[in-house]
Amino acid sequence: MRLGLIGYGSIARDLLALLPPGRVSGVTVLVRRPPDDPPPGVTVTTDPAALIAARPGLVVECAGHGAVAAYGAEVLRAGIDLMVVSVGALADAPLLDALQAAEQAGGARLILPSGAIGGLDLLRALSAAGTVTVHYEGRKPPAAWKGSPAEQAVDLDALSAPATVFEGLAREAAQRFPKNANVVAALALAGPGFEAVQVRLVADPEAAGNTHRYTVATPQVRAQFEIVAAATSGNARTSQTTVLSVLAEVMDRAARAPRR
(Lines of atoms letter the chains of each structure in order from A and count residues from 1; the text may use other names and numbers.)
(Lines give C-alpha, C1' and ligand atoms only; values in the text may rest on other atoms or scores of the structure.)
Protein backbone atom coordinates (compact mmCIF):
# COMPACT_ATOMS: atom_id res chain seq x y z
CA MET A 1 0.00 0.00 0.00
CA ARG A 2 1.20 3.47 -0.85
CA LEU A 3 0.72 6.08 1.86
CA GLY A 4 -0.07 9.75 1.41
CA LEU A 5 0.48 12.43 4.05
CA ILE A 6 -0.76 16.00 4.15
CA GLY A 7 1.70 17.96 6.25
CA TYR A 8 5.17 17.23 7.56
CA GLY A 9 5.05 18.40 11.16
CA SER A 10 5.62 16.49 14.37
CA ILE A 11 2.87 13.91 13.77
CA ALA A 12 4.03 13.05 10.25
CA ARG A 13 7.69 12.91 11.27
CA ASP A 14 7.03 10.69 14.28
CA LEU A 15 4.72 8.46 12.23
CA LEU A 16 7.36 7.86 9.57
CA ALA A 17 10.01 7.25 12.24
CA LEU A 18 7.82 4.61 13.93
CA LEU A 19 6.54 2.91 10.77
CA PRO A 20 8.38 -0.43 10.40
CA PRO A 21 10.35 -0.82 7.16
CA GLY A 22 8.48 -2.50 4.35
CA ARG A 23 4.98 -1.85 5.70
CA VAL A 24 4.18 0.61 2.88
CA SER A 25 5.44 0.57 -0.68
CA GLY A 26 5.98 4.31 -0.91
CA VAL A 27 5.13 7.61 0.74
CA THR A 28 4.05 10.89 -0.86
CA VAL A 29 3.90 13.99 1.33
CA LEU A 30 1.97 17.13 0.38
CA VAL A 31 3.39 20.31 1.93
CA ARG A 32 3.16 24.04 1.37
CA ARG A 33 6.95 24.44 1.60
CA PRO A 34 9.37 21.55 1.01
CA PRO A 35 11.32 20.62 4.16
CA ASP A 36 15.08 21.04 4.34
CA ASP A 37 15.45 17.43 5.47
CA PRO A 38 13.06 15.21 3.48
CA PRO A 39 13.42 11.59 4.58
CA PRO A 40 15.00 9.19 2.08
CA GLY A 41 12.55 7.34 -0.12
CA VAL A 42 9.76 9.86 0.48
CA THR A 43 8.34 11.91 -2.39
CA VAL A 44 7.61 15.50 -1.37
CA THR A 45 5.28 17.69 -3.42
CA THR A 46 3.52 21.04 -3.17
CA ASP A 47 0.92 20.02 -5.77
CA PRO A 48 -2.30 18.32 -4.54
CA ALA A 49 -2.73 16.77 -7.99
CA ALA A 50 0.60 14.97 -7.59
CA LEU A 51 -0.55 13.46 -4.30
CA ILE A 52 -3.71 12.14 -5.93
CA ALA A 53 -1.81 10.93 -9.01
CA ALA A 54 0.36 8.77 -6.72
CA ARG A 55 -2.85 6.79 -5.93
CA PRO A 56 -2.12 6.12 -2.26
CA GLY A 57 -4.31 3.56 -0.55
CA LEU A 58 -4.74 5.99 2.33
CA VAL A 59 -4.06 9.69 2.86
CA VAL A 60 -3.45 10.89 6.41
CA GLU A 61 -4.13 14.58 7.09
CA CYS A 62 -1.89 15.90 9.86
CA ALA A 63 -1.54 19.57 8.96
CA GLY A 64 -4.36 21.36 10.80
CA HIS A 65 -7.90 22.52 10.23
CA GLY A 66 -7.04 24.56 7.15
CA ALA A 67 -5.62 21.53 5.38
CA VAL A 68 -8.82 19.56 5.97
CA ALA A 69 -10.83 22.32 4.31
CA ALA A 70 -8.34 22.85 1.48
CA TYR A 71 -7.67 19.25 0.42
CA GLY A 72 -10.06 16.85 2.14
CA ALA A 73 -12.93 16.85 -0.35
CA GLU A 74 -10.57 16.61 -3.33
CA VAL A 75 -8.92 13.49 -1.92
CA LEU A 76 -12.25 11.81 -1.16
CA ARG A 77 -13.76 12.67 -4.56
CA ALA A 78 -10.75 10.97 -6.15
CA GLY A 79 -11.80 7.73 -4.45
CA ILE A 80 -8.98 7.78 -1.89
CA ASP A 81 -9.69 7.08 1.78
CA LEU A 82 -8.82 10.01 4.04
CA MET A 83 -7.89 9.89 7.71
CA VAL A 84 -8.48 13.26 9.38
CA VAL A 85 -6.25 13.77 12.41
CA SER A 86 -7.38 17.38 12.87
CA VAL A 87 -10.86 16.18 13.84
CA GLY A 88 -11.75 19.56 15.33
CA ALA A 89 -12.11 20.91 11.79
CA LEU A 90 -15.35 18.94 11.58
CA ALA A 91 -16.93 21.25 14.15
CA ASP A 92 -17.57 23.35 11.03
CA ALA A 93 -20.89 21.80 9.99
CA PRO A 94 -20.74 22.89 6.30
CA LEU A 95 -17.25 21.40 6.00
CA LEU A 96 -18.41 18.11 7.51
CA ASP A 97 -21.33 18.06 5.06
CA ALA A 98 -18.97 18.73 2.14
CA LEU A 99 -16.61 15.94 3.16
CA GLN A 100 -19.46 13.47 3.58
CA ALA A 101 -20.79 14.42 0.13
CA ALA A 102 -17.32 13.93 -1.37
CA GLU A 103 -17.07 10.60 0.44
CA GLN A 104 -20.25 9.44 -1.27
CA ALA A 105 -19.28 10.84 -4.66
CA GLY A 106 -15.88 9.17 -4.68
CA GLY A 107 -16.85 5.93 -2.98
CA ALA A 108 -14.13 6.58 -0.41
CA ARG A 109 -14.10 6.55 3.40
CA LEU A 110 -13.62 9.43 5.81
CA ILE A 111 -11.73 7.92 8.76
CA LEU A 112 -11.52 9.51 12.20
CA PRO A 113 -8.80 7.99 14.41
CA SER A 114 -9.21 7.69 18.16
CA GLY A 115 -6.36 10.15 18.46
CA ALA A 116 -5.10 10.99 21.93
CA ILE A 117 -7.82 9.04 23.73
CA GLY A 118 -9.60 5.67 23.80
CA GLY A 119 -13.04 4.36 24.62
CA LEU A 120 -14.80 5.77 21.57
CA ASP A 121 -16.25 2.36 20.75
CA LEU A 122 -18.07 2.32 24.09
CA LEU A 123 -19.25 5.89 23.58
CA ARG A 124 -20.69 4.98 20.15
CA ALA A 125 -22.47 1.97 21.61
CA LEU A 126 -24.00 3.93 24.47
CA SER A 127 -25.03 6.78 22.16
CA ALA A 128 -26.77 4.34 19.83
CA ALA A 129 -28.75 2.97 22.76
CA GLY A 130 -30.10 6.29 23.99
CA THR A 131 -29.31 9.47 25.90
CA VAL A 132 -25.69 9.88 26.98
CA THR A 133 -23.85 12.70 28.75
CA VAL A 134 -20.16 13.43 28.25
CA HIS A 135 -17.91 15.62 30.39
CA TYR A 136 -14.30 16.17 29.31
CA GLU A 137 -11.32 17.85 30.97
CA GLY A 138 -8.06 18.45 29.13
CA ARG A 139 -5.02 19.41 31.21
CA LYS A 140 -1.73 20.48 29.60
CA PRO A 141 1.34 22.49 30.65
CA PRO A 142 1.30 26.25 29.97
CA ALA A 143 3.65 25.93 26.98
CA ALA A 144 1.02 23.83 25.19
CA TRP A 145 -1.44 26.74 25.31
CA LYS A 146 0.88 29.36 23.80
CA GLY A 147 -0.58 30.94 20.68
CA SER A 148 -4.16 30.13 21.72
CA PRO A 149 -6.98 32.15 23.34
CA ALA A 150 -5.66 30.85 26.67
CA GLU A 151 -3.15 33.70 26.52
CA GLN A 152 -6.04 36.15 26.92
CA ALA A 153 -7.57 34.16 29.77
CA VAL A 154 -4.49 33.84 32.01
CA ASP A 155 -0.82 34.84 32.19
CA LEU A 156 0.69 31.55 31.06
CA ASP A 157 4.22 32.60 32.00
CA ALA A 158 3.28 33.44 35.59
CA LEU A 159 1.05 30.49 36.47
CA SER A 160 1.79 28.90 39.84
CA ALA A 161 -1.39 26.80 40.05
CA PRO A 162 -3.79 25.16 37.57
CA ALA A 163 -6.07 27.63 35.77
CA THR A 164 -9.15 27.01 33.64
CA VAL A 165 -8.69 28.62 30.22
CA PHE A 166 -12.02 27.49 28.73
CA GLU A 167 -15.31 26.05 29.90
CA GLY A 168 -18.19 25.39 27.54
CA LEU A 169 -19.37 23.11 24.73
CA ALA A 170 -17.37 21.01 22.30
CA ARG A 171 -18.09 23.02 19.14
CA GLU A 172 -16.76 26.27 20.58
CA ALA A 173 -13.78 24.49 22.16
CA ALA A 174 -12.80 22.81 18.89
CA GLN A 175 -13.10 26.02 16.90
CA ARG A 176 -11.36 28.31 19.40
CA PHE A 177 -8.56 25.86 20.24
CA PRO A 178 -7.83 24.13 16.91
CA LYS A 179 -4.43 22.85 18.06
CA ASN A 180 -5.52 21.68 21.50
CA ALA A 181 -9.07 20.37 21.34
CA ASN A 182 -9.34 17.81 18.54
CA VAL A 183 -10.19 15.27 21.24
CA VAL A 184 -13.48 16.98 22.07
CA ALA A 185 -14.53 16.80 18.42
CA ALA A 186 -13.80 13.07 18.40
CA LEU A 187 -15.99 12.65 21.48
CA ALA A 188 -18.78 14.73 19.95
CA LEU A 189 -18.78 12.82 16.66
CA ALA A 190 -18.68 9.43 18.38
CA GLY A 191 -21.29 10.45 20.91
CA PRO A 192 -24.06 12.96 21.48
CA GLY A 193 -22.89 15.76 19.16
CA PHE A 194 -21.02 19.03 19.47
CA GLU A 195 -23.69 20.79 21.52
CA ALA A 196 -23.90 18.04 24.14
CA VAL A 197 -20.28 17.51 25.22
CA GLN A 198 -19.23 19.65 28.19
CA VAL A 199 -15.59 20.74 28.04
CA ARG A 200 -13.10 22.18 30.50
CA LEU A 201 -9.56 23.07 29.41
CA VAL A 202 -6.86 23.65 32.02
CA ALA A 203 -3.34 25.07 31.95
CA ASP A 204 -1.39 23.32 34.69
CA PRO A 205 2.20 24.33 35.52
CA GLU A 206 2.70 21.01 37.32
CA ALA A 207 1.53 18.85 34.41
CA ALA A 208 4.18 16.36 33.32
CA GLY A 209 2.37 15.65 30.05
CA ASN A 210 -1.08 15.93 28.50
CA THR A 211 -3.97 14.56 30.56
CA HIS A 212 -7.37 13.70 29.10
CA ARG A 213 -10.16 12.86 31.56
CA TYR A 214 -13.71 12.22 30.51
CA THR A 215 -16.86 10.69 31.88
CA VAL A 216 -19.57 9.01 29.83
CA ALA A 217 -22.89 8.31 31.52
CA THR A 218 -26.33 6.90 30.77
CA PRO A 219 -29.04 5.88 33.24
CA GLN A 220 -27.57 2.35 33.20
CA VAL A 221 -23.82 2.88 32.64
CA ARG A 222 -21.13 5.22 33.94
CA ALA A 223 -17.58 5.04 32.58
CA GLN A 224 -14.56 7.16 33.45
CA PHE A 225 -11.38 7.42 31.41
CA GLU A 226 -8.03 9.05 32.15
CA ILE A 227 -5.14 9.08 29.71
CA VAL A 228 -1.84 10.73 30.65
CA ALA A 229 0.57 10.87 27.74
CA ALA A 230 3.87 12.48 26.86
CA ALA A 231 3.78 15.04 24.08
CA THR A 232 5.29 14.40 20.67
CA SER A 233 8.93 15.33 20.26
CA GLY A 234 8.20 18.50 18.32
CA ASN A 235 4.85 19.75 19.65
CA ALA A 236 3.81 20.15 23.30
CA ARG A 237 0.15 20.33 22.25
CA THR A 238 0.00 16.87 20.68
CA SER A 239 -0.04 13.66 22.73
CA GLN A 240 2.15 10.77 21.64
CA THR A 241 -0.96 8.59 21.76
CA THR A 242 -2.25 10.52 18.75
CA VAL A 243 0.69 9.35 16.67
CA LEU A 244 0.29 5.79 17.91
CA SER A 245 -3.40 5.69 16.97
CA VAL A 246 -2.54 6.83 13.44
CA LEU A 247 0.29 4.30 13.24
CA ALA A 248 -2.04 1.47 14.27
CA GLU A 249 -4.57 2.41 11.57
CA VAL A 250 -1.89 2.70 8.89
CA MET A 251 -0.37 -0.67 9.80
CA ASP A 252 -3.79 -2.31 9.86
CA ARG A 253 -4.65 -0.90 6.43
CA ALA A 254 -1.27 -1.93 5.04
CA ALA A 255 -1.73 -5.48 6.33
CA ARG A 256 -5.09 -5.76 4.58
CA ALA A 257 -4.00 -4.14 1.31
CA PRO A 258 -3.61 -6.40 -1.76
CA ARG A 259 -0.03 -7.46 -2.41
CA ARG A 260 1.43 -6.15 -5.64
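Each Cβ is built from the backbone N, Cα and C atoms, and glycine gets one as well.
Just so you know, TrEMBL annotations are computer predictions that nobody has curated.
The active site annotation in TrEMBL covers HIS212. Under the heading NAD(+) binding site, TrEMBL lists ALA116, ASN182. If you look up TrEMBL, you'll see 7-113 marked as domain 'Aspartate/homoserine dehydrogenase NAD-binding'. The annotation domain 'Aspartate dehydrogenase' is assigned in TrEMBL to 160-247.
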May I ask you to report the DSSP-based helix, strand or coil state of HIS212 (active site)? strand
Expressed to the nearest Å, what is the distance separating ASN182 (NAD(+) binding site) and the residue listed as 'active site' at their Cα atoms? 12
Around the C-beta of ASN182 (NAD(+) binding site), how many further C-beta atoms are within 10 angstroms, looking at every protein chain? 31
Between the C-alpha atoms of HIS212 (active site) and ALA116 (NAD(+) binding site), the distance in angstrom, to the nearest integer, is 8
Using a 10 Å radius around its CB, how many other CB atoms surround HIS212 (active site)? 23
Counted with DSSP (H/G/I as helix, E/B as strand, rest coil), the domain 'Aspartate dehydrogenase' (160-247) has 24 helix, 37 strand, 27 coil
All-chain count of other Cβ atoms within 10 Å of ALA116 (NAD(+) binding site): 22
Reduced DSSP assignment, ALA116 (NAD(+) binding site): coil
